[in-house]
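Right, one structure below, let's go through it.
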């Protein structure tokens with residue numbers, strides 16, 4: 001990589017980080033990181049744990065808290081953070097920045113690297129806030145007041161950071177593949193994340209969170225203090241396990257054990273970089289205009305001109321006193337999706353009418369439509385719509401359109417096996433989508449929440 | 001500030017065509033032009049292919065046929081020599097709302113290869129030049145459309161370009177800024193090529209050394225204002241008619257503009273090679289006449305006619 005490309009990438013990183021950190025999603029992520037830190041080091045009588053150890057909990061030392069926050073951050077920040085950092089390239093295209101950068105002498109690679117860098121800085125700042133929260137809690141709890149900088153930073157460097165790099169790299173890659181920019185991308189990342197991170201905990205995949213080493217070391221610590229290691233159960237996430245816990249005196253993994261994870265961390269970082277640079281082969285900063293748009297515009301203009309020439313402007317059709325644009329809202333939900341989406345939704349809905357196994361797939365198939373529910377059109381279209389009469393009736397039409405699409409898609413399954421639970425959950429998910437989208441004016445929160453929620457519903 | 005330049009720049013379009021993917025008809029068709037230093041205005045109605053041509057010249061889009069040569073180098077094969085000296089202001093310039101003007105310019109300066117320190121100095125210099133010296137730390141999202149457009153103009157000048165492409169640059173500018181900007185283009189064009197795309201005839205007349213008229217993806221004519229006016233000589237007439245006769249006149253002649261007069265409506269019309277209406281007097285051609293003659297009647301004019309017969313178009 002030449003110095004000039006690196007310099008452009010650095011400037012792009014700076015600009016991207018500024019844009020991101022001035023947005024509301026950044027603040028939400030930092031607040032989330034603080035909350036995650038509080039969960040990772042819960043009060044003594046708390047009924048939950050981020051690092052599940054059966055009847056035990058670790059002593060709040062730097063080593064223990066750094067390990068727990070690195071695992072929790074690697075797990076949750078890589079998932080939720082992905083939703084927070086994706087969409088940068090779509091934003092650049094919408095704002096016209098992509099076209100400007102495309103006309104400079106080092107466009108694609110430095111731009112992609114810059115967007116990756118910005119995403120990494122956002123996620124890293126979340127990780128640092130998480131770590132800071134853990135340190136603050138350690139000092140407040142006073143079980144150990146010694147701060148060991150090596151024990152504090154090593155887990156971040158070899159466990160959490162590589163996963164965040166991977167999430168940031170995937171966010172850039174997903175952005176360069178148009179079908180993955182919306183709901184499909186969120187669902188796919190959930191699957192990838194489940195396989196990589198959750199799969200890693202089961203011992204069947206890569207030990208991305210360092211669980212294998214940590215559990216062995218914790219067992220040794222339990223044995224050393226004369227307790228029964230077989231009572232220990234391990235898991236990272238958020239589990240409810242009752243408040244009374246015995247303390248394990250564990251100073252954290254020795255530095256040597258953490259360093260054994262360095263090759264894996266380097267490999268993950270290299271993979272992340274490959275994910276970022278691979279799109280140079282196909283991604284163009286200024287994508288071609290939608291097929292036929294210019295021609296269609298020209299044809300429409302010519303037709304309009306001809307009409308005006310011969311007839312002038314006729315009297316407009318009488319306007320409704322109280323418009324109720326239900327059909328327009330339904331059309332808004334259904335159109336503009338990829339060509340294959342509507343047939344897929346229909347197919348899934350029909351299949352759910354024959355077999356119960358296909359029913360949860362209806363929710364997945366509905367995700368792109370739900371992702372649009374209540375999201376305002378980009379400006380200036382949103383301004384035009386906002387200036388239309390009867391805003392209350394229009395909002396009602398939006399809700400009813402979502403309801404109509406949801407009911408229509410879930411009807412075959414409901415007819416096969418009438419169950420209030422099925423309809424309640426389906427409508428509940430639609431309502432969640434509407435609430436999230438309307439509150440954040442974007443589908444991202446819903447797209448981040450929906451896949452794990454779907455998984456939990458189906459699993460239970 | 002600027003290094004001495006040996007040779008005047010040359011931009012050559014050789015049978016350039018472009019068809020958008022999936023579109024049946026080309027947006028640009030076999031367009032050839034040879035451009036040297038000076039302001040060249042691309043004049044054409046909406047949908048004429050101006051922005052497509054601008055994107056091709058800015059190396060953002062490749063032509064589907066033909067070549068664009070920058071000082072003899074094919075820009076599709078080797079875009080770098082042109083990109084290093086290119087300033088580009090696209091039509092749909094949005095700008096990231098959360099960056100300040102200075103941050104945005106410094107970012108693009110780096111993308112254009114300017115060293116950090118030079119970028120800072122250049123940013124301050126250009127913001128002052130576009131009358132935004134006091135707004136450097138204001139976020140773009142908090143600026144008016146005209147101010148953002150001026151930031152767009154500043155970014156196009158960051159690398160002291162030898163080819164400056166500006167697509168509808170005066171949109172959103174107030175009359176004073178518009179005039180200032182057109183003057184600036186004239187100054188810049190002394191030793192570089194400035195390509196200005198517009199559908200505002202007065203902008204083209206005020207600033208351009210040469211004008212290329214585009215319509216339906218084709219180059220209708222290119223030349224100096226004088227050459228275009230010569231082409232129109234003898235085709236322009238003026239007459240005053242009762243407003244009730246205006247629809248009939250529109251059906252027979254191409255109306256350039258109308259204005260209220262004491263006893264009806266003063267009509268300026270084109271009658272190329274044909275017979276003008278009885279009583280119409282020949283008029284000295286203006287650039288607007290030449291443009292309308294070359295592109296044919298435009299929807300906007302017809303629209304205005306339909307909205308209010310007899311009201312100035």
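Note that Cβ sites are derived from N, Cα and C of the backbone, with glycine treated the same way.
Per TrEMBL, the stretch carrying the note transmembrane segment among A:340-366, A:367-393, A:394-420, A:421-447 is A:340-366. When Cβ-Cβ distances below 8 Å are used as the criterion, the transmembrane segment (A:152-174) is approached by residues 62, 66-67, 69-71, 73-74, 77-79, 81-82, 85-89, 112, 115-116, 119-120, 123-124, 127, 131, 135, 180-181, 185, 188-189, 192, 196-197, 208-210, 252-253, 255, 258-259, 261-262, 264-266, 268-269, 271-276, 278-279 of the same chain, each at least six residues removed from its ends. Within the same chain, residues 187, 334, 405-406, 408-413, 415-417, 422, 426, 429-430, 454, 457-458 sit at least 6 positions outside the transmembrane segment (A:340-366) and bring their C-beta atoms closer than 8 Å to a C-beta of that stretch. If one looks beyond the transmembrane segment (A:265-285) by at least 6 residues along the same chain, the residues whose Cβ comes under 8 Å of a Cβ in the stretch are 89, 92-93, 98-99, 101-102, 107-109, 111-113, 116, 157-159, 161-163, 165-166, 168-170, 172-173, 176-177, 208. Counting residues 6+ beyond its ends, the transmembrane segment (A:25-42) has Cβ neighbours under 8 Å at 48-51, 60, 65, 68-69, 72-73, 76-77, 80-81, 84, 122, 125-127, 129-134, 136-138, 141, 238, 444 in the same chain.
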